[in-house]
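Student: Relevant sequence annotations retrieved from TrEMBL are reproduced here:
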TRANSMEM  6-25  transmembrane segment
TRANSMEM  46-64  transmembrane segment
TRANSMEM  84-105  transmembrane segment
REGION    154-180  region 'Disordered'
COMPBIAS  155-169  compositional bias 'Basic and acidic residues'
COMPBIAS  170-180  compositional bias 'Polar residues'
Amino acid sequence: MLAQVQLLFMVVFLEMALILLFLFRTPLRKLIIMTLDRVKRGSGPLVVKSVAATVLVIMIYTVYSIKELQSRPADSVNPTDQILLAHQILEAALMGFSLFLGLMIDRLHHYIRELRLLRKTMEAVKKQDRALDNSKNGEASTLRDEISSLRNKVKQLESESEAKEKEVQSQKANSESLKGQSEKLLLEYDRLLEENQNLRSQLQSVDQTVSHSDSKKNT
């Protein structure tokens, strides 16, 4: 019986030490997590559950024995029964505490694994975000280059259109000046034509006069 109590104390202290090691980041914590990962693979969980169920059954039997001893009349309880009752209470308390600490170790191991998976997921998401940011920055730089090249083309087209507009205006001015010159030439042509007609008429009148004078001389 004493050996059983010593064994339970060793189990409780070992579980408390494991919980303390879980609370601090040390190389031992990684080793313990890896060991528990291996234990939970294959038939390990079944063995652990069988041991926990056995301890639970023994604890229930011990509690039942305690209740049985406490239900006896006070006159019939001797010092040996009192020592046995105290021993069984200690055993039941140690078994219940060891089961509770085992459950805590299992939950801590589960939460630490979940936390590690979440950290890995967060790191992968951060890497993806960085890659997306880099690609966006590259696309933004290419878009900036395209925008700058398009602006340069727009400026070049604007300068070409201004030059063409000036050329058109100069050609328009030349055409207007040519139009004015042609109108002047037409007016001058009309004047010369009128003078030519006047001269012809004068020549005809002179010819008629000369011919008339010649006819008189002949008579």
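The first residue you see is number 1, and the count goes up from there.
Glycine residues also receive a Cβ, built from the backbone N, Cα and C atoms like all the rest.
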Student: Give residue numbers and ranges for long-range contacts of the transmembrane segment (46-64): same chain, 6 or more residues beyond its ends, CB-CB under 8 A.
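Tutor: Here the qualifying positions are 39, 88, 91-92, 95-96, 98-99, 102.
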Student: Using DSSP, what is the helix/strand/coil residue split across the compositional bias 'Polar residues' (170-180)?
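Tutor: In the compositional bias 'Polar residues' (170-180), the DSSP-based counts are 11 helix, 0 strand, 0 coil.
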Student: Per DSSP, how many helix, strand and coil residues does the compositional bias 'Basic and acidic residues' (155-169) have?
Tutor: 15 helix, 0 strand, 0 coil
